[in-house]
């Protein structure tokens, strides 16, 4: 029976951590922080909102539907899928100077590129130039994996349904049609063009595609997508890349070309224009629409009033709330004693 | 150990009777009795994996994930890659398996250690040292002093006279006083003779293995004779042999069939109320998940019919065009996608948090008791948050509230009060450690541990004040204490009740040293002079008499009766000449009682020889008469105990554990109800109730239930009820309002009735309306019943705290069991969930650790559900824009890592470090504990709020990016509204939102928290950029298809502006609501936090800790706490000085003496200082017990 424990062998360590005494910052939602905070946030948001809205307002957009609904629409005769190819010519007038650089987009609506089975229907290995997957495309490509037991390259629904309308723009200058050059280069992400999609190293490219078939809906095989520029073929065709970057939402627009050849690099002058459309892509069957968009951009991207308005509204609400809170605080702040 | 770890031989049928023959393994073998090896481990290396996995998949969450995994393998359904499920599942399984493996390894280790202990076994007519596990039923084994009993044995013979052995049962029931077992004479005669023992071939038939420690029935057949066997002849495994040279025993039950093993392992698995709530919630979540999936499946069906069927140009359907089938598949696909509402990582995180918070308890220096080097210990790591919700505390008294140490504090002698210390101005001083104690060096026999502070009393003794001398002479003579003098001058007393010990020790120090006694004399040293008093009679104590007297003849030949007893009783028997003295003494006793001291009145009477001889004659007649002996003895005692002369009164302090009154006060402030359940008598319990502030003088009334029949008790209950609630509305509400403060004292014999079905509601209602409840004379079973009663009807969380084996049942019954450790007996600690050394640590355990744990757990759960719901609901909204096709909004890697990496550490950090106010403020404001009792922090309502909040956040998180992105492009005109960019944007918004939300929840930002929060965000970007990097893509193109997304979209200002907008919009309403709530209806936490803030210091002002001093008119009934029957032993009964006389004569009575001895269990170890006699002492000194060994002395 020891009178005094000889040592305190079991005594816990005296550290800030074990004794839960770690120094800490203990913030509190006090009036001194919340109310000025709200005012500051509110003012900042209003500022950002104004800037965004002004920017957005300065962006010019010109868009036209060319689905061809209605008898008197110039593309009506093309909306019936049977006679192919079909060309329709769209005359239009721009009332203002569309400041350059101008981007030309095509847009689809009610088109579910984000449908899961659609968006997984591709073979990333194949698209990165892996020849093994030329012979046996991944199962994800189903039902466009094989055609008559021959592998489809590029396989899958996304590639198969590639948008294939083509556009040519002319400016009507004193009744003569002056072509406006579309630049189809540099419309895809750098990473897509250089990393994600790669043609096999085989030269010429077409040899790689031996024993494969083109996607069912395609009029030409992948290595002949751009007859004018041999470098713009295969999986790194720019329009193909743009299409393969599937849209997040069912209404989307995709970049078709940039207008940056003089004299239109400065912008499209006001006047009348004619858009010649090779109308191939059927959308009426699923209730979709097609449109074209001319637009310029700013530092904040394309035209979008929502962001600016949202900032303004929330900023204003913040300021209002801070006033309400101030009143509440002054009137009801809870008794400090007790 | 069997190979496959399955129960070895499943008992073919239930054993009805055990039959065995000594020394005959062949005979015993066919019965297949268990050998003495024990196995508490669950696995071996081969069975670990399958068994452990099997066990783990019995958990619903794990099974659910396995099911998900199966779903994901079906290509038509699979909406997520397999790794999204496998990674978390494997992680969870591994962590749990690792924990189970270490636990089992420890069990293996302890099993091995026990199984390989050595014991001497009689094999082939020789004693051989064998391992414990090789001992078999029917073997005869030899035990030596201080050895553990190997198995359940039938005692055959021992080294001690009368075949007695002494055992300590601390491991079994926690009691450290020695108990006696005695062998049958027929076997006892075998002695130590190995040849004879080897020839012994007795057959035993006895009960089958069971867990009753106090009962055994069987017969021994030997040489054609049958001998009954009972518990007195059995040594149970777990006991320790003490003070006995050796003994032989016959193994009856081995290993798993021993009563010790049958008693353990059944401990029920305790779950917290949060656990139960979570189970309900998880079920709700499952329902909700199914509901969402049904909606989406219907949506899919409609979409297929309306839009999908036309869209087949670009996406032909393989599986036919049936919209119904598609909807069916969609349902399962969404079950996979939305699985994050049932978060598997939740369970793991909860366990980690509980473990962490348990470590804090182990580490807490403020719950460490230096005197016996005992830290607090969280023995269960799964109950922490329940500590923050306790509503009822059931406490044992002795050893828990009190130290079971009595000190002689004050006395009143002949109208003068001693014991207080005054300064020069005549002001009474508080006695502290620094007060100068009285120097007893004049007395060589003084007990050095005895402390007294009033020098006046010593002066009075030295001045040979006759009353003072008479006073102490009485104390030295009138008792039943046994003295032992191992070395000259080193006295030690064995008192049956600590009160008596304290009184005799006081007398010893003041110069009246009780030295030794024989059956008919008492030797004392009076002021250095040895005197021998002839002990003529002991008029023993009992519950009715409430006093004891001795009649002695002094060396001078004077006859005197000394009496001590309850004041009321003694006063009735005083001579009228003491009237004046009575008044003064009464006043003093009132004063003593007011300080919570137990008082005794002392008186004497001079007898003349003639009267006494005549009385003695009658006494002899009565004590040999057969009818109504007790009644007639009482009358006789009554007769002689009259016309007493009052000497004075003693005041004994039943020392409370440190800080008990303050703790109880704190608990009361936290609205925790404390019920004391004690085996002690009503008076003692009540007295302690007062001294530890449980019962208070200011209470309107203290009801006492002591009826002897159901009707009486019912009437008493009714009366109590009606006086507490005069308005007789009988609506039973959870907690009824009461007009005042009341207390309730229930007696054990009455408690039986309220615990029956018919009355339990009435009882509970009454009891819960009282501020304090004390139940006395309760059995261990009743303790558990009371706890269960409260649990059943009050739906409240209960905690039981105790130190002894008799508390085990209540500790197991309560939601939380707390054992007082570092004392004798481990049983309570072993079955407890938490253990610490002092009752006062309870307030820290509850008000600090419990409250924090609860707060942290609730914050964690609220936040965890929020972050997972928010995460998941976004998918739900997206479904409406992707044709209900089970398209995910986020990158699959993000889905995999969201819970495991990106959000795991910040929330863990919060739930390990968060505190609203520090511990000192928690003590300052015990009312902070209230929200826990009311389940305010996490309940179904809070959960619903979380879900709504998530709903809002997810709407913002989906539609703001939607609106901001749907028709916009990058600043270079390229795509940014593509699926991958959108996914990145949404997940980044989500992560910012939940992180900011966490910041709002967190009220205690340590460096670690900040590191975790910032680190997780940094980690997110690091991982994202890595996963989306060229290198990863080139290595595995199909696993990392998001290449370049981060670079291309996160450099756009409008992306960042969207992130900012979304995060702020998610958080602002929360801040606004909280701020307004704090202003308009602040919670108690808000108030205290503001107070802390205003105080601008870390520590609260020191509380005015006025010493609690009551002015009370109440006084204790009497101070004896021992049972009757002891005095009998001392004088007339079997009394013996070593060595023992002949064996035969003692036999008939030895049995009785042992049975009559252990009624109070733990009173044997008396020690006047703070140190209880240590249970772990290896060589136990001879106790009083052994002095009672046998022999009838026909003196009277």
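A Cβ is built for glycine as well, from the same backbone N, Cα and C atoms used for every other residue.
Bear in mind that TrEMBL entries carry predicted annotations, made automatically and left uncurated.
Source: prediction; values computed, not measured.
The domain 'P-type ATPase N-terminal' annotation in TrEMBL covers B:21-86. Residue counts for the domain 'P-type ATPase N-terminal' (B:21-86) by DSSP state, with H, G and I taken as helix and E and B as strand, are 34 helix, 1 strand, 31 coil.
Residues or ranges marked as transmembrane segment in TrEMBL: B:80-98 (among others).
Residues 60-61, 321, 323-324, 326-328, 330-332, 334-335, 338-339, 341-342, 876, 879-880, 883-886, 940, 943 of the same chain sit 6 or more residues outside the transmembrane segment (B:280-305) yet have a Cβ under 8 Å from a Cβ within it. The transmembrane segment feature in TrEMBL is assigned to B:280-305 (among others).
For B:325-348 (among others), the entry in TrEMBL reads transmembrane segment.
DSSP classifies residue B:396 (ATP binding site) as coil under the three-state reduction. Sequence-distant neighbours of residue B:396 (ATP binding site) (same chain, six or more apart, CB under 8 Å from its CB) are B:676, B:677, B:678, B:801, B:802, B:803, B:804, B:806, B:807, B:810, listed in sequence order. Under the heading ATP binding site, TrEMBL lists B:396, B:397, B:398, B:500, B:541, B:564, B:598, B:678, B:679, B:680, B:777, B:783, B:806, B:807.
Marked as active site, 4-aspartylphosphate intermediate by TrEMBL: B:396.
The Mg(2+) binding site annotation in TrEMBL covers B:396, B:398, B:803, B:807.
Here TrEMBL flags B:829-1082 as domain 'P-type ATPase C-terminal'.
Marked as transmembrane segment by TrEMBL: B:860-881 (among others).
The annotation transmembrane segment is assigned in TrEMBL to B:893-913 (among others).
Among the features that TrEMBL reports, transmembrane segment is placed at B:942-962 (among others).
Annotation source TrEMBL lists transmembrane segment at B:982-1000 (among others). Long-range contacts of the transmembrane segment (B:982-1000) within the same chain: residues 863, 866-867, 870-871, 874, 888-891, 894, 898, 902-903, 906-907, 910, 953, 956-958, 960-961, 965, 1013, 1016-1017, 1020, 1024, 1042, 1045-1046, 1049-1050, 1055, 1058-1059, 1062-1063, 1066-1067, 1070-1071, 1074, each at least 6 residues beyond the stretch ends and with a Cβ under 8 Å from a Cβ of the stretch.
According to TrEMBL, the feature transmembrane segment maps to B:1012-1035 (among others). For the transmembrane segment (B:1012-1035), same-chain residues at least 6 beyond its ends with a Cβ under 8 Å from one of its own Cβ atoms are 891, 893-894, 897, 901-906, 908-909, 984, 988, 991-992, 995, 998-999, 1041-1047.
Annotation comment: TrEMBL describes B:1055-1077 (among others) as transmembrane segment.
Among the features that TrEMBL reports, region 'Disordered' is placed at B:1138-1177.
In this model, the domain 'P-type ATPase N-terminal' (B:21-86) carries an average pLDDT of 84.
Of all residue pairs in B:396, B:397, B:398, B:500, B:541, B:564, B:598, B:678, B:679, B:680, B:777, B:783, B:806, B:807, the annotated binders of ATP, the farthest apart have Cα atoms separated by 33 Å. The Cβ of residue B:777 (ATP binding site) has 19 other Cβ atoms within 10 Å, all protein chains considered. When other Cβ atoms within 10 Å of the Cβ of residue B:806 (ATP binding site) are tallied across all protein chains shown, the result is 26. Of the chain residues outside the Mg(2+) site list B:396, B:398, B:803, B:807, B:395, B:397, B:399, B:400, B:678, B:801, B:802, B:804, B:806, B:820, B:828 have their Cβ within 8 Å of the site's Cβ mean position. Of all Cβ atoms in the protein chains displayed, 35 besides its own lie within 10 Å of the Cβ of residue B:807 (Mg(2+) binding site).
DSSP assigns residue B:598 (ATP binding site) to a strand.
Other Cβ atoms within 10 Å of the Cβ of residue B:679 (ATP binding site), summed over all protein chains shown, number 24.
Local packing around the Cβ, expressed as the count of other Cβ atoms within 10 angstroms, is greatest for B:803 among the binding-site residues B:598, B:803. Residue B:398 (ATP binding site) counts 26 other C-beta atoms within 10 Å of its own C-beta, drawing on all protein chains shown.
For residue B:541 (ATP binding site), other Cβ atoms within 10 Å of its Cβ number 26. Taken residue by residue with DSSP, residue B:806 (ATP binding site) is part of a helix.
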